[in-house]
Amino acid sequence: MNIVLFLGYLSILFAGGAIIAKIAKKIGIPDIPLLLIFGLILSILNVIPKNIVESSFDFIGNFGLIILLFIGSFEMEWNIMKRVLDVIIKLDILALLIVWIISGIVFNFVFHLPILSLIGLLFGAIVSATDPATLIPIFSSMDIDPEVAITLEAESVFNDPLGIVVTLICLSALGLAKAENPILEFFSLAVGGIILGVIAGKFYEIIISKIKFEDYIAPFTLGLAIAFWYFAEGIFPSITGYEISGFMAVAIMGLYIGNVIVHKKEHKKDMEKVAVFMDELSIFIRILIFVLLGASISIPLLEKYALPAFLCALGSILLARPVGVLIATAIPPIRPLTERIYLALEGPRGVVPATLAAMVYTEIMKHPNIVPKNIASLMPPTELAGTILVATFMTIIVSVVLEASWAKPLANILLKRKTSTS
């Protein structure tokens, strides 16, 4: 790759993305839709070649998710979160599974596939993870019950790695990834990731108690998070044949550091440096992921699949999410119905679906022969990759626009009594 051209592309992504994000902030809307559209414009003008976009996602996707999951869990307040922990668990397990299945069924129905085809279920898995972080600026300007806000934010932090786990299982079932036993695979990915995350947090605490990193604490923290991710995704599978979710491990590590080590006086300054560094880095990553997702979509692809993709998006947003949340939160102890409805209507998709869709699209387009013949007979590999990419793009942009628009009016209607007394 020509290094001069590569740096030129980066300048367009960062400078252009920053301007777009600033415009979004100025007019009071989430930056995701505008960043996606900016990427789409770059695609139309062929500013950045498709092969550069596609080859970038493997690195940017994995590296970006490590940073975003770490900082998201690092900033979670356990004292508030534990008051709604039962709701978070219901949303992150039962609701996520229901959203996955229903979104997949809708996709299969729209594209005339067998109702339980793994192709649709792969789409459902990709869009099952939420990203209410896009609503934080809106929540900050609202008189909203902090328990509702923390529920949505914590749900996202922990269903992000679970969404990745479910996607990996679907890829395994499709023959696009290796798995000996899907049930055991889920257990080793999710539970193994949690255990490894706690070990990582404890190990980090021991190291920084013995060595004063001072100005180098932030790169050490990032390096150790990546090291544990690598152990989970690379070393452990080569030894045992089973994977641990490195993303889950990173999220739990961040939660431990942000709620245990942060409160220790001797580490307070170091943790402030870590928070600032990760926050700044996450801005770069968000810009890259959303602009590159938009840039990966060609106009012919969008024209061909826009309408069915829009229907898939509506099915996931207005059917799968509400049904999943209302069923999951019907398990006692039951929260007020108005609060449950609000949670059901606020689950915008974001970074994780964007990254997963782009990575799946890139892998299939590079190696179409990896798609098994029984799957390719239902939908050709290039069409499979294209439909999932465009449907995910549409789900992200529609969910963010709709749910950011109605977040405040719905809160005034559904949560009025609770917020007025809090």
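Along the chain as shown, the residues are counted starting at 1.
Here the Cβ of each residue, glycine as well, is placed from N, Cα and C on the backbone.
What you see is a predicted model, and the numbers here were worked out from it, not measured in a lab.
Listed in Swiss-Prot for this protein:
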TRANSMEM  3-23  transmembrane segment
TRANSMEM  28-48  transmembrane segment
TRANSMEM  52-72  transmembrane segment
TRANSMEM  93-113  transmembrane segment
TRANSMEM  119-139  transmembrane segment
TRANSMEM  157-177  transmembrane segment
TRANSMEM  183-203  transmembrane segment
TRANSMEM  242-262  transmembrane segment
TRANSMEM  281-301  transmembrane segment
TRANSMEM  307-327  transmembrane segment
TRANSMEM  341-361  transmembrane segment
TRANSMEM  384-404  transmembrane segment
Recorded stretch that, among 28-48, 52-72, 281-301, 384-404, has the most CB pairs under 8 Å to the transmembrane segment (307-327): 384-404
Cβ contacts under 8 Å made by the transmembrane segment (242-262) with residues that lie 6+ beyond its boundaries: 65-66, 69-78, 157-158, 160-162, 164-165, 168, 180, 184-185, 188-190, 192-194, 196-198, 200-202, 204-205, 208, 221, 225, 228-233, 236, 268, 271, 274
The transmembrane segment (157-177) versus listed stretches 28-48, 52-72, 341-361: most Cβ pairs under 8 Å: 341-361
Stretch among 28-48, 93-113, 119-139, 281-301 sharing the most Cβ pairs under 8 Å with the transmembrane segment (384-404): 119-139
Residues of the parent chain within Cβ reach of the transmembrane segment (281-301), under 8 Å, 6 or more residues beyond its termini: 13-14, 16-18, 21, 31-32, 35-44, 47-48, 50, 53-54, 56-57, 60-61, 63-64, 67-68, 71, 222, 351, 354-355, 357-358, 361-362, 386, 389-390, 393, 396
The transmembrane segment (93-113) and the transmembrane segment (119-139) contact flag, 3+ Cβ pairs under 8 angstroms: yes
